[in-house]
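K.L.:
Structure below; questions to follow.
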Amino acid sequence: MRTEWVAKRRGQGNVTQMHYARQGVITEEMQYVAQRENLPADLIREEVARGRMIIPANINHTNLEPMAIGIASKCKVNANIGASPNSSNLQEEVDKLNLAVKYGADTVMDLSTGGGNLDEIRTAIINASPVPIGTVPVYQALESVHGTIENLTPEDFLHIIEKHAQQGVDYQTIHAGILIEHLPLVRSRITGIVSRGGGILARWMLHHHKQNPLYTHFRDIIEIFKRYDVSFSLGDSLRPGCTHDASDDAQLAELKTLGQLTRKAWEHDVQVMVEGPGHVPMDQIEFNVKKQMEECSEAPFYVLGPLVTDIAPGYDHITSAIGAAMAGWYGTAMLCYVTPKEHLGLPNAEDVRNGLIAYKIAAHAADIARHRPGARDRDDELSKARYNFDWNRQFELSLDPERAKEYHDETLPADIYKTAEFCSMCGPKFCPMQTKVDADALTELEKFLAKEKEVMI
């Protein structure tokens, strides 16, 4: 799709969407996004130029269908997939990708740490994906030194980061915000450091007594990203891993650094979004979103959850969707889904489905609350179909049509019930939606009430 679009850009020193936007150019990607979002193309360009919106679109991911992440666009959902040393393989991950796209994932992150050749898995996912692909290069950097964190060098990190960029990765989580001086701040936490990438870098700094190499070499990463139009997803290494640890000094110290790094990337026209927590009580979610906007100059916020309670293993797609809906309402640009397997194991296909649907609900609810143009149109259409007992239309408009039909057909499977004016909940005699009040009846009632009012006066 994008082959012709990017052909003329190849060989230029800076090919980022932000670079073109700041030159006043509306790229084909911006035009495409404008149509998808039903927004003016020049507004898209302005938002990208300001850094309030990103269009993650590596020039080597030519089958990508461009999309936007930002406060002016619809709230987006990311799905995580990825093989581990103990579970899954290349084909399973491609299948998960296809399932995630089917159920509405706006972006997909490949978090593979094993299960085969990581380069082959990543390439297969990118080649099959119409949505932006994100990665965490620290994982493969660690694999390249056979799991011995102390042996990692800055060059190891940069080599893997460039490899991912060359392969067509659209955004990379870069854990550059965790600094050596932040580490003592985790003493009072219950769960310490829960970011895998953050944990790797923390151990490296503790061993070498040196500053985070991703921080000291941030300019080198910028130069790589400029050449391929890779977006930063600045990782929150010190995100809280439980509600007790939310909004603490460690989290906020890193957030301040992430804001500084955001502005440094913007100096070179490189796109940025900022990752956020995590586990956050409901009363702290608004603070967290507004604090990020303040510290990071309104760069798009991308949050994991957040989970609003810690006591529901097996149901964390629910505990987190509650927080995600609130975060989206307050202005978060993208929600990273959580599956029922969170904290318990690697998600399978059904877990991916359940997590995604929970988060599509959260994002859609946020769009309605934020009064996005047309956000409620689908709800209204489904409500009309429900009132008219148009069962097939209800299924069609559902976020998960297969599940809706499956539940309906558990008790009333015959085709005749697809036109019935009841379901198995109320049966044929007690459904309140059978009470159809026509306009003539209401007019007569209004006349009667008016006369009654005159008599009372």
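Yeah, the Cβs are placed from backbone N, Cα and C, and that goes for glycine too.
Worth saying up front: this structure is predicted, and the values here are computed from it rather than measured.
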K.L.:
Of Glu65, Glu155, Glu275, Glu286, which does Swiss-Prot put in the substrate site with Asn80, Met109, Tyr139, His175, Ser195, Arg196, Gly197, Asp236, Ser237, Leu238, Arg239, Tyr302?
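P.N.:
Looking at Glu65, Glu155, Glu275, Glu286, the one Swiss-Prot places in the substrate site next to Asn80, Met109, Tyr139, His175, Ser195, Arg196, Gly197, Asp236, Ser237, Leu238, Arg239, Tyr302 is Glu275.
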K.L.:
Validating a neighbour-count step here. Other CB atoms within 10 A of the CB of Asn80 (substrate binding site): how many?
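P.N.:
For Asn80 (substrate binding site), the 10 Å Cβ neighbour count is 23.
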K.L.:
How big is the Cα-to-Cα gap, in Å, between Cys426 ([4Fe-4S] cluster binding site) and His343 (Zn(2+) binding site)?
P.N.:
39
K.L.:
Where's the emptiest Cβ shell within 10 Å among the binding-site residues Arg239, His279, His343?
P.N.:
His343
K.L.:
List the residues in the vicinity of the [4Fe-4S] cluster site, defined as same-chain residues other than Cys423, Cys426, Cys431 with C-beta within 8 angstroms of the site's C-beta centre.
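P.N.:
What remains near the Cβ centre is Phe422, Ser424, Met425, Gly427, Pro428, Phe430, Met433.
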K.L.:
Have a look at the binding-site residues His279, His343, Cys423, Cys431 and say which one has the shortest Cα distance to Tyr302 (substrate binding site).
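P.N.:
That would be His279, the closest of His279, His343, Cys423, Cys431 to Tyr302 (substrate binding site).
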